[in-house]
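Peer 1: Quick paste from TrEMBL:
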- 20-39: transmembrane segment (TRANSMEM)
- 59-83: transmembrane segment (TRANSMEM)
- 95-124: transmembrane segment (TRANSMEM)
- 130-151: transmembrane segment (TRANSMEM)
- 255-274: transmembrane segment (TRANSMEM)
- 286-305: transmembrane segment (TRANSMEM)
- 356-385: transmembrane segment (TRANSMEM)
Amino acid sequence: MKLNKHKPAQHTEMEFGGALGAACIPVFLPLTVLYLLSVCRTPGGALLQWPPPLPHSTFLWDPVAAAIMVGWISLQSALYLLPMGKVSLPENPQFCLCFNAAGFHALCMTAVLLAVCVCLGMPLGYLFDLVLPLAVCAIGVSYLLALYLYIRSFWAPAHQLALGGNTGNPLYDFFIGRELNPRIGSFDLKFFCELRPGLIGWVVLNAAMLMKEVELRGSSSLAMLLVNGFQLLYVTDALWNEEAVLTTMDIVHDGFGFMLAFGDLAWVPFTYGLQAMFLVIHPQTLSPLSALGIILLNGVGYSIFRKSNSQKNQFRRDPAHKSIAHLETIATATGKRLLVSGWWGFVRHPNYLGDILMALAWSLPCGVSHLLPYFYVVYFSILLVHREARDERQCRAKYGLAWDTYCRRVPYRIIPYIY
């Protein structure tokens, strides 16, 4: 096949700090993952302690962890290839690709296999002791995958390149991703990595932390059960609604490079579940009243998150559906319409508001004496504000005056009367 050295796209605006950010982020974010995991395992658990708890190099590598990582990705790849679930085609006409949206089936089959292995005597809690070398392996896989994606993108047709990932700057293009939907046959690498190995791996690691707590203390705490339950609900929801990811910025707009590969395979499973890992070393006692308040907070957040996303997805599928036909809309120059009532008339990103409330509920079972369990809340809030700003720029460019009208009708971005 002929090598295509594509000219840089006309749209070459760089994000994430441009070339400097693309050079620094692939170094500092992996180090951040290892630092957070190391702090979690210390008795003090202080996020800002000095000197930092740097692990010895012997704790960063274990061939068992490497074997587990290879086996895990192989298992999820095999489940992805099974002919189950529904095949979906995204709305955007620039894509002529089909996707096997069967993430919930993969989660269920993984749970059954895991339960069988535990019943046969597999020490699931041992993953707590392997968490650092597992993270190192996930980071290594992310680098290798991103390098492969960057090299193969030079053989991709020009129409398959992402608008923002073909700048001509090697560091930036490696980081942001040049090819939009790289595939090996029918195996879509980005769609697979988006939810499967990382999200399912996240709840498996959480279950391992729960089993480790049982080994250490004879039973699982209410705090650990709440964290596991909340995050399992979130992951189950994402995989049940896997088809909805086809309309997200990650799939439609961003190329597949280091940013998404590392985020999917390393950042999500090893930082989103810090609360469960924290509770293994720093047990917390919750009163029934505190637990009830936290459950209600998570319930409110999940309700906002799910109802707003369902409303948006239904509007995209069928604007005349009886559940949304009464909602007010405004016309755009593209021929599409924008919702200006319902959840999307409350704030511009009600799903982000639900995400933030749930993130807080996941951290509160860990108490308020440590900053570490709240890393996710702080990070995710910053991420959502940044993502909202990216959405804002793209929607203004796409919808023009109609978007300005929408913003006047719905002035608050995420949090009503605050932001």
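Heads up, the Cβ atoms here are built off N, Cα and C, so glycines get one too.
Where the annotation comes from TrEMBL, it is an automatic prediction and has not been curated.
Could you tell me the structural context for the features on the list?
Peer 2: Residues 26, 30, 33-34, 37-38, 41, 55, 59-62, 64-66, 68-69, 73, 170, 173-175, 177-179, 182, 189, 193, 205, 256-258, 261-262, 265-266, 269-270, 277 of the same chain lie 6 or more positions beyond the ends of the transmembrane segment (130-151) yet place their CB under 8 Å from a CB of it.
Outside the transmembrane segment (255-274) by six or more residues, the chain places 16, 25-26, 29-30, 32-33, 36-37, 40, 131, 134-135, 138-139, 141-143, 145-146, 149-150, 153, 161-162, 164-165, 173-182, 189-190, 193-195, 197-199, 201-203, 205-206, 209, 227, 231, 372-373, 375-376, 379 with a CB less than 8 A from a CB of the stretch.
Long-range contacts of the transmembrane segment (356-385) within its own chain (CB-CB distance under 8 A, at least 6 residues past either end) are made by residues 36, 39-40, 45-48, 222-224, 226-227, 230-231, 234, 271-272, 274-275, 278-279, 282, 284, 286, 290-291, 294-295, 297-298, 300-302, 304-305, 349, 414-415, 419.
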Peer 1: Under 8 Å between C-beta atoms and at least six residues away from its ends: which parts of the chain pack against the transmembrane segment (20-39)?
Peer 2: 14, 45-47, 49, 52-55, 60, 131-132, 135-136, 139, 142-143, 169, 171-172, 174-176, 258-259, 262, 266-267, 270-271, 274, 277, 372, 375
